[in-house]
Every structure is written in structure tokens, then in C-alpha cells.
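Heads up, the thing below is written out as C-alpha cells.
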């Protein structure tokens with residue numbers, strides 16, 4: 001995927017999708033820790049609605065809660081909360097090195113468990129024996145590829161989406177840019193090397209990434225130190241952590257995931273951006289939580305694509321007016337109170353592309369906002385009312401009805417136009433002429449201007465084009481006063 005530069009697919013991960021996806025993924029992580037919080041054993045569920053089944057099993061097992069285990073976990077949660085909310089901010093103002101609260105909790109929990117015999121006396125679940133050493137290097141069995149190809153593709157897509165989602169989340173927090181193709185290359189290289197040592201597919205850990213960020217790790221040095229400690233643990237000091245209570249890890253993870261859940265506050269921002277953004281967040285979050293990560297991610301991407309499609313077909317448009325105190329400045333009449341419309345002239349601005357797919361929407365929006373539909377209806381009524389009069393021409397009838405002399409299309413925000421769009425503009429221009437009005441085009445970009453000129457060479461138009469909107473307005477005012 002990196003070789004074919006498919007990292008651009010990461011652009012499909014919109015901000016509402018990433019935000020909703022990571023928040024929902026945090027719910028999965030917390031749900032997996034609940035059994036360790038209350039100290040019970042439940043069956044592990046897979047597939048759709050596994051969070052619901054897990055919550056049902058935990059609820060049924062609350063009567064068997066290990067109170068020592070639960071109290072220990074609550075104590076860890078309180079300790080970590082106090083460290084993160086009070087002690088760390090206080091020490092950060094006076095010391096360059098952050099307080100390793102997570103490390104203190106792990107070491108302290110291990111020592112308390114070891115000397116108080118929590119497992120033997122109170123049946124507190126421990127991490128257990130950690131095997132020493134690393135597996136020997138062996139080439140993966142390529143003959144299994146046909147059996148795992150479909151699942152491998154799904155796993156690759158989900159893991160890459162998780163990596164990019166977390167990367168984009170931290171990139172926004174710390175103000176740096178994520179290179180999608182570089183992430184693909186690193187992910188592929190890591191999986192290629194890891195496959196020779198019986199490693200599971202490479203991905204990022206939601207809880208571990210948040211913990212590293214909270215402890216001040218912001219560079220590759222932090223990951224290098226962390227990897228070194230993992231190797232040291234596997235080779236030499238692994239047995240020391242065999243007495244670590246699982247409830248301690250659960251408490252550390254739950255507190256560390258607080259920033260992920262605080263992303264729910266972004267809902268207010270997305271609701272102000274538009275209904276499609278809030279719908280994308282909610283649909284992604286609910287599908288990931290209620291169904292599963294892979295299916296929820298797929299639905300979220302589809303919703304984002306649908307939102308992108310709708311925005312492309314129905315972009316924003318508005319009428320412009322001039323500022324009396326600032327000549328040459330034109331603003332949206334619906335957004336600014338002091339804006340006045342040019343007499344007998346309407347200025348229509350369109351944001352987006354004008355092509356074969358959007359031309360009908362453009363025409364309907366133009367006729368509705370400018371009021372051409374009403375002009376056409378009045379013209380039709382007058383024609384029916386005066387059809388028996390021989391001495392009143394249709395043209396005079398139309399001119400009496402219509403007070404619109406010029407329609408100016410501001411193309412400063414138009415990124416693209418095709419031949420179908422130019423043909424539609426020709427139809428609008430011809431229809432305006434029957435009303436005694438004229439169509440003016442202003443401020444086209446170079447590529448839009450080239451397309452308009454090319455279409456006029458193909459018998460479309462002719463179009464009256466002005467380099468700026470103010471030039472078109474000045475021309476309309478001068479022509480109107482003559």
C-alpha cells in the first residue's frame with residue numbers, strides 16, 4: 001500500500017469520524033477492563049454487540065464481586081486521578097521531569113500484592129507468569145496465505161485506521177503533521193519483521209499511547225526507551241511483575257483514557273459545523289460501540305463519503321450586497337445587517353464546482369434566491385391576462401413585470417466548471433434576455449476562465465466576463481443610469 005502511495009486514503013478519515021471512532025474504541029477498552037475492576041471471570045465475547053454482552057455478564061456477576069480487588073482498583077483510580085489533576089500540574093511548574101504516576105502505581109501495586117499475599121489470601125487476580133526470552137526467528141509459512149488473505153486485508157485496514165486515527169488525534173493536540181504513506185511504510189516494515197518472530201499484527205494501543213502522552217513522551221526517544229524496557233522485562237525482570245494485580249492495570253488504563261472520553265465535548269463544535277458532521281460522529285460512535293470496530297469503521301467511512309457527496313452536490317450559495325461605508329466590498333446579505341443590494345441588480349455567489357452533476361442544483365438555487373421563478377410566473381400570468389390585446393407586445397409586458405436588469409454571477413469561489421455547466425449558463429443567459437435582463441460573470445479563476453473561453457469557441461455563450469466583481473457592478477450601474 002505504501003509502494004502504491006495509498007496513504008491518500010487517509011483523507012477519508014474526517015475529523016468527526018476520527019473523533020467518534022477513537023471515543024468508541026475507548027469504550028471497548030474500558031469494557032474489557034470491567035471484569036478486572038470487580039474481580040470476576042466472564043466469558044470473552046466476539047463479533048457484533050460484544051460490549052452489550054460483556055456488560056450483561058458483568059452485571060450478572062456483580063453479586064460475586066471481590067471487594068478487596070474492587071477496593072484496590074478504586075484506590076488506584078483515585079491515586080491516578082489526584083496525580084493527573086493536581087500533583088502533575090503542580091510539579092510541572094517547578095520541575096522539568098513529569099511525575100511517573102503510572103510507574104509508581106504499577107511498582108507499588110506489585111509490592112503490596114507480593115508482601116500482602118493478595119492472590120493467596122484474597123483471591124485477587126494477578127498478571128501471572130511472564131515467559132522469559134524472545135522466540136527464535138523463523139520464516140512465516142507462505143502456504144497459509146490463501147487461508148488468511150481475506151482476514152488479513154480486513155485486519156490491515158482496521159489497524160491502519162486505528163494508527164492513523166490516533167496519529168491524527170495527537171497531531172492535532174501537539175501541532176504536527178502525520179504523513180500517511182510514511183505510516184504505511186513503517187507499519188508494513190514492522191509487520192514484515194515481526195512475522196519472523198511470531199508477533200501479532202502491528203497496531204497502536206489506545207491506552208498505552210495515551211499513557212505515554214500523559215507521561216511526557218512526545219518523540220521517538222520515548223518509544224525507544226519503552227521498547228528497551230519491554231525487552232529488558234522479557235529477558236530478565238519479567239518474573240517481578242508476575243505479582244502485579246490486574247486491577248491495578250485496569251485502574252491505570254481507565255484513568256488514562258479520560259482524554260479520549262473528553263472528546264465528547266467536540267460534539268458541540270461539530271453541531272455548529274453542520275448536521276452532516278454531527279451525524280457522522282454519532283453514526284460512527286454508535287456503530288463501533290454497538291456492533292464492532294471493523295464494521296463500525298466501515299459504516300463511518302461510508303457515512304463520511306456520503307456526507308462528502310452531499311456537500312459536493314449541494315454546496316453553499318448566497319446573495320451578495322455592498323457595504324455603504326466601504327465601496328467595493330460585497331458581503332452575504334443574510335450574514336450582515338448593513339449590507340444593501342445593488343438596485344435592479346442581483347449578485348449570486350456559488351461555492352463549489354459547476355458540472356454535469358451539480359448544474360440542476362445550481363439552476364434551482366439561482367432561480368429561487370434571485371427570484372427568477374416569481375418573474376417567470378408573473379410574466380406567464382400577464383401573458384394570459386393580456387393575450388387578447390393586439391397592441392401590447394410580449395416583450396413590453398415582460399419589461400413592465402421585471403425590475404431585474406442585471407444578474408451577476410460571482411465565480412471567485414468556483415473551483416471547476418465543465419462544458420455541461422457552460423451550456424447551462426447559456427440557457428440561463430438566453431432566458432434572462434426574454435425578461436429584458438443580462439447575465440454577467442465576474443472573478444473567474446484561470447482554469448474556469450479558460451473553460452468559459454473554450455466553450456464560447458464551441459458556440460456556447462457569448463459570456464460577458466469581468467476580472468473583478470466590482471468591475472461588473474460598476475458596469476451594471478453605468479449601463480442602468482444611461
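Every residue gets a Cβ built from N, Cα and C, even glycine.
Those TrEMBL annotations? Automatic predictions, nothing curated.
Lifted from TrEMBL, the feature list:
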type     : residues : note
DOMAIN   : 335-476  : domain 'STAS'
SIGNAL   : 1-20     : signal peptide
TRANSMEM : 67-87    : transmembrane segment
TRANSMEM : 142-164  : transmembrane segment
TRANSMEM : 184-206  : transmembrane segment
TRANSMEM : 218-237  : transmembrane segment
TRANSMEM : 243-261  : transmembrane segment
TRANSMEM : 282-310  : transmembrane segment
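By number of Cβ pairs under 8 Å, the transmembrane segment (184-206) is matched best by 142-164 from the list 142-164, 218-237, 243-261. Counting Cβ pairs closer than 8 Å and at least 6 residues apart in sequence, the transmembrane segment (282-310) and the transmembrane segment (142-164) reach three or more and so form a contact. Same-chain neighbours of the transmembrane segment (218-237): 130-134, 174, 212, counting only residues six or more beyond its ends whose CB sits under 8 Å from a CB of the stretch. Long-range contacts of the transmembrane segment (243-261) within the same chain: residues 22-23, 25-26, 29-30, 33-34, 36-37, 39, 69-70, 72-77, 80-81, 84, 102, 105-106, 109-110, 113-114, 118-119, 124-127, 206-207, 210-211, 213-214, each at least 6 residues beyond the stretch ends and with a Cβ under 8 Å from a Cβ of the stretch.
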